[in-house]
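Noted in Swiss-Prot for the protein shown:
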- 1-158: topological domain 'Cytoplasmic' (TOPO_DOM)
- 1-80: region 'Disordered' (REGION)
- 1-18: compositional bias 'Basic and acidic residues' (COMPBIAS)
- 29-47: compositional bias 'Polar residues' (COMPBIAS)
- 55-71: compositional bias 'Polar residues' (COMPBIAS)
- 159-179: transmembrane segment (TRANSMEM)
- 180-205: topological domain 'Lumenal' (TOPO_DOM)
- 206-225: transmembrane segment (TRANSMEM)
- 226-268: topological domain 'Cytoplasmic' (TOPO_DOM)
- 269-289: transmembrane segment (TRANSMEM)
Amino acid sequence: MSELSAEEKRKLLRERRQAKMAQGKATDRLNNILSQGSSVKSSNVTSVLDKPEKATTTVMDLPSRETQSPTPLHDDPEVPDITSLLKEKENEAPDMEAMLQQILGGSGAHTGPGNDGGANFLQEMMKAMAEDPSGGSTAEESSYQSQLSQYHAYEQKQWKARFLVVRWIIHTLNFVYHYIASGYKLSASPYAFVRAQAVDSHVRTFFTAFLTVEVAVISAYFLVMSQPKFKDFSRENLVSRILSMASAVVPAVGRYQPLVTRALVYWNGASIFVGDLMLMVFYFGITSVLGN
């Protein structure tokens with residue numbers, strides 16, 4: 001019989017030890033080992049292999065398949081019934097401003113601190129829809145403001161018509177007077193040498209009176225239109241509304257809005273001069289045709 005190797009001996013020794021432990025002698029062996037030491041006083045030691053195991057979970061404690069809630073296939077929380085939310089909100093009046101602020105809140109979050117582009121956009125939208133952003137205006141106040149705006153528009157058109165009639169009457173009388181005083185010679189000549197001659201005194205006084213009337217009429221026009229009611233209404237034209245809506249999308253456009261409004265006011269004065277000048281050209285054309 002061949003000799004066992006060291007590895008086989010250790011294996012047999014381990015199997016014998018496990019067999020003894022399985023027979024319930026683990027506690028005796030442990031006490032025997034501990035009794036040989038001088039530091040251990042107690043011999044009532046029980047091995048963990050001889051301790052009976054207590055069942056931590058019984059069959060009754062296990063949840064049945066019927067009572068166990070199914071595990072969701074995703075990690076999202078369960079969504080509550082939307083009908084309960086609708087029942088809670090059905091008696092509440094909808095706040096359009098709050099809803100728009102919530103919608104615009106996400107876009108305003110990444111515009112940087114201190115940026116109120118969402119609030120400006122909301123205010124411009126409210127103004128474009130002719131609503132009060134504070135939400136405190138009643139139907140009677142809105143109707144009154146609408147009627148007042150219409151009255152100011154009518155009054156502004158009435159003043160423009162008055163200036164138009166006064167200008168035409170004054171310029172017509174000025175032209176007729178100098179035409180008769182010049183011996184019916186106040187007309188345009190088709191010949192270059194005639195136009196190159198010295199200006200007649202009647203022609204000079206005619207144009208002096210024309211320019212004087214223009215300066216007086218345009219100054220009076222600006223003075224009347226500078227009233228607050230007309231000044232505020234002049235900002236409600238189509239160009240100003242387009243710029244107001246564009247500034248809500250592109251805030252840089254808002255800085256040019258006062259300049260455009262001022263340019264429109266100056267254009268009204270320039271249009272008065274151009275219109276009166278075209279009227280004089282028409283009169284000179286008639287006299288030239290009749291003179292020939």
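Glycine is treated like the rest: Cβ placed from N, Cα and C.
Outside the compositional bias 'Basic and acidic residues' (1-18), and at least 6 residues removed from its termini, no chain residue falls within Cβ reach (under 8 Å). Across all of the topological domain 'Cytoplasmic' (1-158), the predicted model scores a mean pLDDT of 63. The residues of the topological domain 'Cytoplasmic' (226-268), classed with DSSP into helix (H, G, I), strand (E, B) and coil, number 37 helix, 0 strand, 6 coil. With helix defined as DSSP H, G or I and strand as E or B, the compositional bias 'Basic and acidic residues' (1-18) counts 13 helix, 0 strand, 5 coil.
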